[in-house]
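Reading through the structure tokens given below for one structure.
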Amino acid sequence: MLEKIKIIDTHTHPNIEPLIEEFDDIIFKCYEQGIGLNIVGVDLKTSQTAIQQAKKFKFLTCSVAIHPNDLHNIENDFVALEKLIAENIDYISCIGECGLDYYHEQNYDHDFQKHWFKKHIELAKKYHKPLMLHIRNAHDDAIAILKELAVQDVIIHCFTDKKEYAQQYIEMGYYISYPGVITFKPTKNNQLHELYEAIKITPLDKILVETDAPYLTPVPKRGQTNYPYYVLYTSAFIANLLGITHEKMQKILLENSLRILNFKK
């Protein structure tokens, strides 16, 4: 079944509303188009669902964690999360999405977030899994922690920031995953031209692509619900930006995804 897969959406959420209601149809359309999925949990419930979904087909895998915006019951959730990982280790690609989010200042204290970020890092090391990181307005703190703890296997999810941060992650040997945001129309305010430069300096063996569906729908579907199979719009955009064929770009992205994620051939 995996031999038909041509590309992998490395970060997607068919385990949450509204996509969970369309799961069977989404998976059928993805398989028909040769698209594998890494289904990502953001809390205990969606992590449980991600595992249940990933068990259904070999071209699906999943990531589990507690998102930095969902730490309200973290003490109990984290204990249950580790039990979930231990019992389902073969179906889990990485620990995520976890990390730091300073965008919503009213959510959680920075030190509190950093503590649980470190706990997720410990979990990833214990179970020998990569990290899938959500870092928003917090790159400096995240980089400091990752260096302090000598973290090696990391995917920077949904990277839309400065070229300088991309360069630091590249120097640390991390994978960078680009979302449909890159297909949006450049303006003076969205700094997309700088993001294009980040893509251009990302080594071809460290570049990944994602939808973050149902969010961040790429052009030409922007304004609609995002679906995992829209990942092809983003991969085509990257191919055009880098001046290579879409077929070659998909091959590169697939090889990278299979290298860092847990897909059983």
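A Cβ is built for glycine as well, from the same backbone N, Cα and C atoms used for every other residue.
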Message = Among His72, His128, His134, His193, which residue shares the divalent metal cation 2 site with Glu97, His157 according to Swiss-Prot?
response = His134
Query = Which binding-site residues (His11, His13, Asp212) fall within 10 Å of His157 (divalent metal cation 2 binding site) by Cα distance?
reply = His11, Asp212
Ask   = For the binding-site residues Glu97, Asp212, which Cβ has the most other Cβ atoms within 10 Å, all shown protein chains included?
value = Glu97
Request  = Let me know how many other Cβ atoms fall within 10 Å of the Cβ of His134 (divalent metal cation 2 binding site).
outcome  = 24
In three-state DSSP terms, the structure that His134 (divalent metal cation 2 binding site) belongs to = strand
Remark   = Counting other CB atoms within 10 Å of each candidate's CB, the least crowded of the binding-site residues His11, His13 is His13
Inquiry  = List the residues in the vicinity of the divalent metal cation 1 site, defined as same-chain residues other than His11, His13, Glu97, Asp212 with C-beta within 8 angstroms of the site's C-beta centre.
reply    = Thr12, Val40, Val42, Met132, His157, Cys158, Glu210, Thr211, Ala213, Tyr215
